[in-house]
Amino acid sequence: MEMKSIIVSHDNKTNHLDGVTTTIPKGEITTIIGPNGCGKSTLLSVLSRNNMPKSGSASLENRDLVMYKPKEFAKKLAIVYQQNDVPKDLTIEKLVSFGRLPHKTMLQRNQEEDHQAIDWALSVTNLVEKRHNDLEALSGGERQRVWIAMALAQQSEILCLDEPTTYLDIYYQIELLELVKSLNEEYGLTIVMVLHDINQAIRYSDQIIMMKDGQIIAEGPPREVITKDVIKKVYGVNAIFKEDDEIGLYMMSLGI
Amino acid sequence: MTKRIVSYAVVAVLLIVTIVYSATTGSIKMGFFEFLGALFEPGNSQMEAIRDLRFPRMIVALFAGAALSVSGVLLQSVMRNPLADAGIIGISSGAAFVQLFIISFFPALFFMTPLFAFMGGAFACFLVFALSWRSGLSPLKLILVGIAINAMFTGLTEAFISFGGSLNVSASSVIGSNLTMRTWSDVSTIATYGTIGLILSFVLYSWCNLLVLQDKTAKSIGFHVTRARLIIAAVAVLLAAISVVVAGVISFVGLLVPHIARRLVGYDHKVLIPFTALLGALIILLADTIGRTIVSPLEIPASTIMAIIGGPFLIFLLRKE
């Protein structure tokens, strides 16, 4: 996916994205990080067509995003939002089957391939045994996986995740990021996500886009982007970096 | 699953019992077998009276109940709000006012009444939507806006009637609901449009189910949220408007029936919408039958009975929210 000089303004006063140009590489995990209000979620919403840019263009496979029909686009790109209302009296399987919408016409029943896609989505997110359970009865980590399963049922090539770990305990955070990693490695999905935790970004990303005040400050592989200078410039924090044999590079913030 | 089947069966049986009871009770009374016999006996004068007076009234009650209840389900789905009801939020009174207005000034357009009622209802629906949109259609805000819209249209209608006495409009048929003196031509109106509306709503069930998702999520799976909302709302307004045209304004049915229905058969609109139609038909026919038999020869309109039951029910729901 490519973006050229994207400008987005929610209130027509300040630009929440101010001339963003970048390329999301296919088949990799790209993570957008930056302080609160830097425009990272806005960038994701432009990619997923939830927000239309004031100027500039975003394209997928050399075709402008606005040229795609809704269902056509939903077959290319799926997104999981940070917060989701939980509908009443809905089983996991029903919700996940909503993800098949772009592959169907209005009154069409689920075909064999729909059932296969739903089964696959439930099995990779480890929800097969709970498929008949109500959503309301699930834990936060499980709910997040259900929304991911719905997005997976779309069988898109690109999966976007907006702060998928924010409301989760650390156990579920790791579980979720491992899931994301396996989706990328085993099924070749292109992943674009927004994360808060810099160490998680370093560890799970191929590419990092570092943003501040609606602009991209640095982008590239984690080791090139996340440096002492960049952290100081973007977050205003003094940090040190260490290497660990097992997990590689990690960061500790020292002070402000 | 079994709860659904039992619920359907119980409501179906109750509906049949109520229909028979309603047909055989009133100023002309008949036993069940006497009624069955008379039904196929030509020239039975009592049966003629029942056929001309009671049957149209009953069929109108059945259709109005089904139409208003399904209208409630659709509005609740479109507005993602459990308290939406065509009567409470002003759609019915909007329809009633525009209908009255047009007929008063252009009596020649009488045959197009359903269309004007639809336009009035659609306008009220649009106002409610537009004015509560910014608060994210929060249940309380929507109800408040709706009550204001309802008051406005009801007031306009009343004002119109009080200075337009010479316009020769039967005011009572517009303001309140009165199911007496319905004719077979009323039946054909509500049966035609009501059936169209009900069939459309059965077809729209999958859209209603998808509207439980937040807009951004629904959009992300390629769902035309706005288009679906417009179409479902239009069907809801059609159902409400046609009930107003034939049966007058009856509030609270669209609130009461869907809530009971959800308790019994769940939230899946594929099952919920047909069940709501059955239950709504039962409730209004029951209310009308009780209303005309309990203090006979006087009558209590079905809308009054619904308001007496529905008011406290709304308070109960508001407290739960």
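Keep in mind that glycine also has a Cβ here, set from the backbone N, Cα and C atoms.
Note that the structure is a prediction, hence the values are computed from the model and not measured.
Annotated features in TrEMBL:
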- B:55-75: transmembrane segment (TRANSMEM)
- B:87-109: transmembrane segment (TRANSMEM)
- B:115-133: transmembrane segment (TRANSMEM)
- B:142-163: transmembrane segment (TRANSMEM)
- B:190-210: transmembrane segment (TRANSMEM)
- B:230-260: transmembrane segment (TRANSMEM)
- B:272-291: transmembrane segment (TRANSMEM)
- B:298-318: transmembrane segment (TRANSMEM)
* Asked: What same-chain residues lie close to the transmembrane segment (B:142-163): Cβ under 8 Å, and 6 or more beyond its ends?
  -> 79, 81, 83-84, 87-90, 93-94, 96-97, 100-101, 104, 120, 124, 127-128, 131-132, 135, 169, 171, 174-175, 318
* Taking the transmembrane segment (B:115-133) as the first stretch and the transmembrane segment (B:272-291) as the second, find out whether 3 or more Cβ pairs fall under 8 Å, excluding pairs closer than 6 in sequence. => no
* Structure fact -> Counting only residues at least 6 beyond its ends, the same-chain positions whose CB falls under 8 A of a CB in the transmembrane segment (B:190-210) are 59-60, 63-64, 66-67, 70-71, 73-74, 77, 114, 218, 223, 228, 231-232, 235-236, 238-239, 242-243, 245-247, 268-270, 272-274, 277
* Asked: Among B:55-75, B:230-260, B:272-291, B:298-318, which stretch has the highest count of C-beta pairs below 8 Å with the transmembrane segment (B:87-109)?
  -> B:230-260
* Non-local residues, at least 6 beyond the ends, that sit with Cβ under 8 Å of the transmembrane segment (B:272-291) -> 4, 7-8, 11-12, 14-15, 18-19, 21-22, 25, 57-58, 61-70, 72-73, 179, 198, 201-202, 205, 208, 250, 253, 256-258, 260-262, 264-266, 299-302, 304-306
